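Record features, source TrEMBL:
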type     : residues : note
TRANSMEM : 41-62    : transmembrane segment
TRANSMEM : 69-90    : transmembrane segment
TRANSMEM : 138-163  : transmembrane segment
TRANSMEM : 175-203  : transmembrane segment
TRANSMEM : 223-247  : transmembrane segment
TRANSMEM : 275-298  : transmembrane segment
TRANSMEM : 310-335  : transmembrane segment
TRANSMEM : 347-367  : transmembrane segment
DOMAIN   : 385-440  : domain 'Kazal-like'
Amino acid sequence: QFFVLCHGFLQLSQLLISGYLKSTISTIERRYGLSSQTTGLLTSFNEVGNTLLIVLISYFGSRVHRPRFIGCGAILVSLAGFLMSLPHFITGRYKYDQSIASIFSNSTDLCQLDGLGAIGNLSDESCTPRTAKENHELLLVMFVAQALRGIGGVPIQPFGISYIDDFASERNSPLYLGILFSLTVVGPGVAFMLGSAMLRFYVDIDKVPGEEIQLTNRDPRWVGAWWLGYLIAASLVAVSAVPYFFFPREMPKEVGRVEVRHFPVVLLRNLRHPVYLLVVLAQVNLSAMVAGLATFMGKFLERQFSLTASFANMIIGAVNIPGAMVGIVVGGAIMKRFQMSLRQCGALCLLGMFLCVVLAFPLLFLGCPTQKVAGVTYSGSSESEHLALECNLHCHCPEKAYNPICGSDSIEYISPCYAGCEVVNIDAVKNTVLNYTGCSCISEQGLAGSARPGSCGTGCSRLLLPFVVLSCLAGILASTSHTPSFMLILRSVQPEDKSFAVGMQFMLLRVLAWMPSPVLFGSAIDTTCILWEKKCDKNAACRYYDNDLFRHR
């Protein structure tokens, strides 16, 4: 029972690291100027280390000191967590365009009549060969950390499950394994809640005094303290690794030796089994969807409904993931209540999936249109388009400025300069921007208009509730198939192949779903970008998406 307790704690904290990455994806993109394809690849990279070793380790599980292997794996995972936070400590402060000259820079992105807006000269300082090299090094550190996390995670689940199954009484074993499986679903939920809490703090909270932070977390330029959660999660994994070095090895009860020459025979026997193969392929399709959604659902909610990263994570952690847990429990309960045969298990999976598709279909239409951004998504009438060119020509605006403001005409402008604003009104106490006036591109009754700082937003928050309810219900229905599909696999293969069949199943899921899916989702999202941030003349992070395309793809 103490081993089950320790293993539950270890699995929870290990999942905290992997789930936390997904909850901070959009923040890391913004901080380091990464495309969704790159962050998708980063998310799935831990599967590389994992896939190479999982089948062999499952196969030789009974020959090694399993608890010690689990402990070593946990230490690697913990090291990977600390490595993930390293980029924050080896880079300088986060720089963003602003209207108030401050300690960061003496530049301003207001309309400068003489064309000497210092930001114009600043815009390319981030493009020295040294900076480009630094960016590559940061990415390398993160990819290495992900690979390490994959390798460290290999022994944890298979060895833990087989160790418990070997030494628990046959009556208690399903209960203990049930506890562990439920924790694997709780873990990501806790991770998204942790992400929600950490992203409320400013990224450079350790480098900048509180009174100098001019952004609020509703500002499109805001970057939260993404690195903080890694320190917490990695510390928890390190603590949970300690007891494993003190558990006994104890010889397993299995009879007979594991022989390598049987490996190809067992492999072919399972892969030729039609039920096994079809169920695993069905799980591959479902897992590919889940892996892509888990990675980018937060970003999707942020963009569609103009939410903060923190609030989007809270929705996923408090609604969507618990919904999936309910579905898994309900699926198991239905099976137990009706003592289902294999054929009935298949029918239950089919019904769950069909209803899920029916409920998910309206999600194609539940979302917000792209906000009107002058010169990007909106040009107005031909007359105002002509004005838009004329109205800020005298300002000499830098191309790369990004400090969105919302005009009194409800149109968004990329920066105060683009709106032709010449005056910024500041709250002297808080040192924050109140509004901009004298904006030549915004007309109010024939006079130069005003604007407030921040994005205009997509303005259809009323659709958020139906979207969340439908996506949660669809998730519950899809996850009812989790337990019956597992049973189809365990009951259709030969008893002595069970452990190997599950190892093979996880390897196929990794190679065909968890590895490619976030990259494919990320690439699809990138194709819907309509304005890229540029770094060294290359696309960095996306500033604006076509919301309808983003939703449909």
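Placement of Cβ uses the backbone N, Cα and C atoms for every residue, glycine included.
Here the domain 'Kazal-like' (385-440) is broken down by DSSP into helix, strand and coil counts: 10 helix, 19 strand, 27 coil. Sequence-distant contacts of the transmembrane segment (347-367), counting only residues of its own chain at least 6 positions beyond either end whose CB sits under 8 Å from a CB of the stretch, comprise 282, 286, 304-305, 327, 331, 334-335, 340, 460, 463, 466-467, 470-471, 473-475, 477-481, 484-485, 488, 547-548, 551-552. Just going by CB pairs under 8 A, the stretch in 175-203, 223-247, 275-298 that sits most against the transmembrane segment (310-335) is 175-203. If you take every residue in the domain 'Kazal-like' (385-440) and average the pLDDT, you get 80.
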